[in-house]
Protein chains: 2
Amino acid sequence: MSEILRKDVFSLPEGVIYLDGNSLGPMPRNMPETLSRMVSSEWGQLLIKGWNAAGWMDQPSRIGDMVARLIGAPQGTVVMGDTLSIKVYQAVAAGLKMTPGRRVILSDTGNFPTDLYMVEGLIRTLDQGYELRTVAPEDVAAAIGDDIAVVMLTQVDYRTGRLHDMDAITQRAHQHGAVMVWDLAHSAGAIPVDLAASNAEMAVGCTYKYLNGGPGAPAFIYVRSDLAETIQPALSGWLGHEAPFDFAMNYRPGPGIERMRVGTPPVMQMTALEEAMRVWDDVDMRALRAASIALQEQFIADVEARVPALTLASPRDPDARGSQVSFRFEHGYAAMQALIHMDVIGDFRAPDIMRFGFTPLYIDAGDVTEAVDRIAKVMDDKLWDDPKYKTRNRVT
Amino acid sequence: MSEILRKDVFSLPEGVIYLDGNSLGPMPRNMPETLSRMVSSEWGQLLIKGWNAAGWMDQPSRIGDMVARLIGAPQGTVVMGDTLSIKVYQAVAAGLKMTPGRRVILSDTGNFPTDLYMVEGLIRTLDQGYELRTVAPEDVAAAIGDDIAVVMLTQVDYRTGRLHDMDAITQRAHQHGAVMVWDLAHSAGAIPVDLAASNAEMAVGCTYKYLNGGPGAPAFIYVRSDLAETIQPALSGWLGHEAPFDFAMNYRPGPGIERMRVGTPPVMQMTALEEAMRVWDDVDMRALRAASIALQEQFIADVEARVPALTLASPRDPDARGSQVSFRFEHGYAAMQALIHMDVIGDFRAPDIMRFGFTPLYIDAGDVTEAVDRIAKVMDDKLWDDPKYKTRNRVT
């Protein structure tokens, strides 16, 4: 595990045990300098010339290649931009064009809500009788039939950490002529992913969780190589054009994955993300996965031994989980607030889920032991019963 | 003009005369420190708590109110996010829902290409016989008839600076039952705009030009107050939801303009933009407009007197121009490269337009005099004939 742990790369407040890297990863230590230098020497000195001279224009593809390596995607098949919500819309809209005559988008109740909302919006916009059908996660495979246009799933359930079998579901989707779109928000940088082997048509994800790109870091989209030259972008912005600086009146899709770019990229966020991605240069995803499972197993065993009031909400089989562990507790919101007050940061998801992310780049066994000690303290002393922990924040 | 000029606020390289603030505004001097502090003390120290404790969640509305003041929009009617391309899609998609039965989106050949491309993509996605009709800018008013669903125009032509009459065109659109969408990319921070008085339904714009938000700064969208509670967002992301942190399975649009938010906002870009927007706190837009026109008139007079080979491409009437002046020259690309080499930064737009932006916050009469001296040097000495200036960059 020692070759995975690199606490010195990240800046974490003294004494904090951060088990929320599945929501927002911590800051790589050199980030203030990276951003300060970028704006001073690039924006400040190069001004408009930065698009060429500082390589801003190529950042979305360059970083896309860095993400590709972590998700089993060939070089040149991933591009960064926009938000995950926008990328879901792009992917599903493209998928519908590939399955004419079919009218059902299949998802599950474990999907992150914005994925479902974006599809709802697409369906309302199209107004052609499309249907978003959501089933329980365990019923997805059986629900894939010949009426399904697109299967759109988040691989790791944001509440429970339950992991879908990417290969099996993709295969079943293809047997029934459906297009497969995977949301890898809780997968990229968390578990080994082999997109190319799965043969899925498209995937999307975000980079502010396990990839530590910072708040609002750009999303990514993957399109399978054989489709990249024919796919029709619904969001056909100028930076996805074959020749943006010709300023032609008509859209002509750019080469390959470039066509999934839309507008002017957020250069500061891209710069921060590119810096954060360098951390991954020598990370072996299998070793990281082993380290993550070890931390999770230790956590589950210790919590169950010492805090019986918490009920495991995640699958018990480590191979069926992503890189998080969730427990149910009736007063979970207040308990989590009390815990955060004691510098163990996890988060809460309605109605009763206390969620803990395990990120072996900066969390070790000693952190897990200490975190469980403090969880036990919150529960043994009923700190969750303090009214000050019961007031809901806007973001929880 | 002295009360408008504030060169000390911006960091510009020594000796550079920057006439490209209509493409990418320069860096406010305190930006490195602002970003460095934001990531250190907010991301680095607050981590996930930054969404509440550092006000990240409210930034898009808070900055929206700052932009609103410059474009004649009431508080609470503008929200920031995404890119201009995405905001065009949102606005036009919403406009089509408001005009059932109509099938034509009207624009002009002076519109920025991405606006047209995004509408093309929307039309292809809808696949219901919609048509994008583009006419010459001077023919727009006459082309508005009872078949038009949405009129979508950029107020200031990105090549020539030609200014549309916002009130007259909006009025004509409404007389014919069409929805009006204005792109204010080259208007916000450049000229006084009174959106509320125009009665237009929607407007969009970017913030990296005259508003100096930095490369890839977020876009804005305005929705007229009386429509904000009924408009149906096509891009219905979780941060436009009535209660994002309820994680409900179904989308319910948020209150008012909030529903035009989509995904997780780019906090670093928002922070940079918020800092850049403070520059505008005490800027009187009428005084700025007067200063801009004075600079433009001086520039046109001097160029025409000294460099007859350049032909004015902008309207001669200052009231018919935005805050830029363009000249045509057959070898304009190379001439602009030579000029940039002499530290006068403007830009080139195909096929033959040399474009100069006038931004009275950091450009004064002395700069104009010096710029024209160098333009005359480029032309008198035929520096544009040097082969080294003829190689095209990717971004020009």
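The backbone N, Cα and C atoms fix where each Cβ goes, glycine too.
Annotated pyridoxal 5'-phosphate binding in TrEMBL involves A:LEU84, A:SER85, A:PHE112, A:PRO113, A:THR114, A:ASP115, A:THR154, A:ASP183, A:HIS186, A:TYR208, A:TRP238 plus, out of the candidates A:THR99, A:THR170, A:THR264, the residue A:THR264. Taking all protein chains in view, 21 other C-beta atoms sit within 10 angstroms of the C-beta of A:PHE112 (pyridoxal 5'-phosphate binding site). Just so you know, the Cβ of A:THR154 (pyridoxal 5'-phosphate binding site) picks up 28 other Cβ atoms within 10 Å once every protein chain is counted. Listed in sequence order, the residues of the same chain lying 6 or more apart from A:TRP238 (pyridoxal 5'-phosphate binding site) and placing their CB within less than 8 Å of its CB are A:PRO244, A:GLY263. Each of the recorded positions A:THR154, A:HIS186, A:LYS209 was checked for a CB under 8 angstroms from a CB of chain B; none meets this. Just so you know, the Cβ of A:THR114 (pyridoxal 5'-phosphate binding site) picks up 27 other Cβ atoms within 10 Å once every protein chain is counted. Using a 10 Å Cα-Cα cut-off around A:LYS209 (N6-(pyridoxal phosphate)lysine), the binding-site residues A:LEU84, A:THR114, A:THR154, A:HIS186 reduce to A:HIS186. The Cβ of A:HIS186 (pyridoxal 5'-phosphate binding site) lies under 8 Å from the Cβ of A:ASN22, A:THR154, A:GLN155, A:VAL156, A:ASP157, A:TYR158, A:GLY161, A:LYS209, A:TYR210, A:GLY322, A:SER323, A:GLN324, each on the same chain and at least six residues away in sequence. The Cβ of A:LEU84 (pyridoxal 5'-phosphate binding site) lies under 8 Å from the Cβ of A:THR114, A:ASP115, A:ASP183, A:ALA185, A:VAL204, A:GLY205, A:CYS206, A:ALA219, each of which sits 6+ residues away along the same chain. Counted over all residue pairs in A:LEU84, A:SER85, A:PHE112, A:PRO113, A:THR114, A:ASP115, A:THR154, A:ASP183, A:HIS186, A:TYR208, A:TRP238, A:THR264, the record's binders of pyridoxal 5'-phosphate, the longest Cα to Cα distance measures 30 angstrom.
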